[in-house]
Amino acid sequence: MSSGGESSEEESPVQNKKGKSKTPRKPKTSVLKQKSPAEFFAENKNIAGFDNPGKSLYTTVRELVENALDSSESIAELPFVEVTIEEINKSKFNSMIGLIDRERIDEALYGDFETDKAREKRLAKEARFQETQAKNAALGKKVKEPTASKGAKGRGDASFYRVTCKDNGRGMPHDDIPNMFGRVLSGTKYGLKQTRGKFGLGAKMALIWSKMSTGLPIEISSSMKSQSYTTFCRLDIDIHRNIPHIHLHEKRDDKEQWHGAEIQVVIEGNWTTYRSKILHYMRQMAVITPYAQFMFRFVSETPDKNVSISFARRTDVMPAVPLETKHHPSAVDLLLIKRLIAETSKPHLLQFLQHEFVNIGKAHAERLIGEMGPDFTPKTAVKSLTSQQIVRMHQLFRQAKFDDPSGDCLSPAGEYNLRLGIIKELHPDMVATYTASAQVFEGHPFIVEAGVSLGGKDVKQGLNIFRFANRIPLLFEQGADVVTRTAMKRINWNSYKINQTQDKIGVFVSIVSTKIPFKGTGKEYIGDDISEIASAVKTCLRQCCSQLKTKIVKRIQAREQQERKRSLTKYLDDAAGGIYTILKEASDQQAKKKQRTEIKDEDVEFLEKVSDRLITKETLIEMLAQHVEQVDYEMAMEYATQSGVREEPREKIYLQALEPGTKFIEFCSPNFVFRLFQ
């Protein structure tokens with residue numbers, strides 16, 4: 001008994017451990033932690049467009065190309081951008097990082113392992129498929145292509161690519177390169193102006209993705225016009241501290257006298273799934289920037305996969321460089337007002353209002369100060385304003401009336417470049433373009449320009465929509481975009497003689513602004529909830545459609561004219577034969593009666609020519625044909641006079657790039673460029 005009791009006492013603590021504890025566990029003490037900007041974007045890479053390997057490859061190409069264009073345009077240099085994507089197999093990648101390939105020992109450990117039963121099932125399925133194919137071929141039916149077997153693909157089967165982008169732009173200062181690539185949220189594009197970038201990350205996010213997927217550094221070569229050397233820098237980023245980790249940073253001889261930048265990064269990607277997106281992006285970029293020349297290459301060990309495409313330059317007319325502007329009073333918040341006060345060099349309130357904001361003159365500023373209350377005077381020290389006074393200023397800014405900001409700081413592509421880009425890449429049968437005047441939403445100016453084309457090369461039937469924001473293509477989330485919804489739901493294409501489902505319609509809309517109202521975390525589309533932008537897009541597309549309708553009506557009338565001429569010409573022989581028979585009988589009767597008093601002298605002379613066979617049936621056919629031509633010309637002239645159309649046949653003329661050193665005076669308009677050579 002005692003031994004049993006002792007054993008139960010010994011077992012009871014074990015049971016207590018297995019059961020629920022009566023005493024609650026003490027929670028761990030929470031520790032306050034911080035994340036660097038680089039660490040934040042590394043953990044939320046989908047925000048910057050790095051959702052998966054394929055999207056990451058596309059976004060890397062896009063960021064590098066847009067940086068290259070900005071660099072060239074900043075020094076008024078016609079852009080020449082070379083993009084190369086080189087496929088790297090697993091063996092080559094391992095040798096790059098110093099890893100020795102190993103043969104598999106435990107096959108069942110891998111995701112693509114196939115059991116004997118699964119192999120038998122797959123082979124039986126393939127045999128049945130081949131048997132079905134043979135029967136279909138014997139019956140003359142269409143033979144389906146065999147589909148690739150779906151196998152489990154692990155991360156170890158990832159594909160790697162070396163992406164290289166070279167430009168002829170400004171280049172980068174030697175000492176600034178490490179921070180420009182190795183420190184997130186540092187750059188030269190911050191400020192209130194039209195920019196191509198979405199987050200200001202540029203190649204920094206590509207470097208973060210490279211560090212996450214391959215661990216390899218980025219390589220940068222750069223040279224500026226004023227330098228006699230080329231900077232070479234190899235670096236990666238310390239994600240936790242958001243600082244560059246420099247491997248090599250040196251100056252080299254610039255033997256080629258080259259200026260620009262060449263960036264090379266090795267990343268994980270997926271060319272197969274995003275091939276069409278990358279090529280579509282390059283084509284759309286060639287449309288919106290016809291003054292740039294692009295060379296794109298994809299290099300693989302398999303020659304059949306190689307791609308080489310050149311997008312030629314069509315013009316050397318470049319848009320103006322966007323200008324940085326001041327904030328509009330109606331578009332600022334409390335935090336921005338406090339920052340402007342902290343950074344301003346103006347001591348007094350009157351000078352602060354005039355200098356830091358747009359559309360506030362001296363008289364207007366004095367009225368605003370008077371409205372703020374007795375605590376405010378023009379000589380009030382702006383640095384001494386209290387939080388309550390700043391709130392009062394903000395409230396007045398939201399309630400007061402201000403002139404809209406002008407669009408002088410914006411730089412749209414222009415109708416001339418947009419039209420050339422569409423013609424160059426799509427080769428349409430007809431095209432119309434229109435640029436609206438600058439408008440405003442929430443204190444930010446914006447300009448909408450649009451183009452609509454019919455027909456063309458590699459254009460599908462129906463609506464083909466091309467969207468641009470600050471002169472960069474938008475390829476994702478098209479269905480929710482304001483351009484797509486306007487084109488599909490708010491334009492009555494039939495009223496413009498355009499068949500929405502049968503015709504090949506290209507719709508091009510470019511929006512530029514100091515603040516593009518993107519929606520979603522990826523910033524891939526512009527919402528349909530801003531009435532000012534939706535109205536401007538609709539107006540531009542209608543203007544383009546009206547231009548096309550005029551051309552379509554003229555083409556229809558020309559077709560009807562040809563049909564009318566064809567019908568009249570068809571009966572010329574019969575009509576001339578009948579008329580000649582009547583004239584022949586009249587001339588014979590006139591010769592017998594010899595009475596000329598009843599017939600006019602000119603008619604007698606005409607009948608004599610018929611009698612003498614100076615006028616024959618062939619002569620009448622020729623005279624009637626000339627009459628048809630004359631009547632047709634007079635009808636066309638009458639239509640042109642009534643409709644106000646005074647257009648002669650035109651030829652397409654393109655401006656070719658000039659040799660360096662050519663001097664000329666240039667006059668630009670939205671539709672043409674006139675040059676007077678000296």
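Our numbering is plain: 1 for the first residue shown, then up by one each step along the chain.
Cβ coordinates come from backbone N, Cα and C, glycine included.
Unlike curated records, TrEMBL annotations are generated automatically.
Feature annotations, courtesy of TrEMBL:
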BINDING   N67, D167, T188, K189, G197, K198, F199, G200, L201, G202, A203, K204, K523  ATP binding site
COMPBIAS  17-28  compositional bias 'Basic residues'
DOMAIN    405-564  domain 'DNA topoisomerase VI subunit B transducer'
REGION    1-37  region 'Disordered'
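Positions of the features from TrEMBL, shown on the structure.
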| residue | record | CB count, 10 Å |
| --- | --- | --- |
| N67 | ATP binding site | 22 |
| L201 | ATP binding site | 23 |
| A203 | ATP binding site | 21 |
| K523 | ATP binding site | 19 |
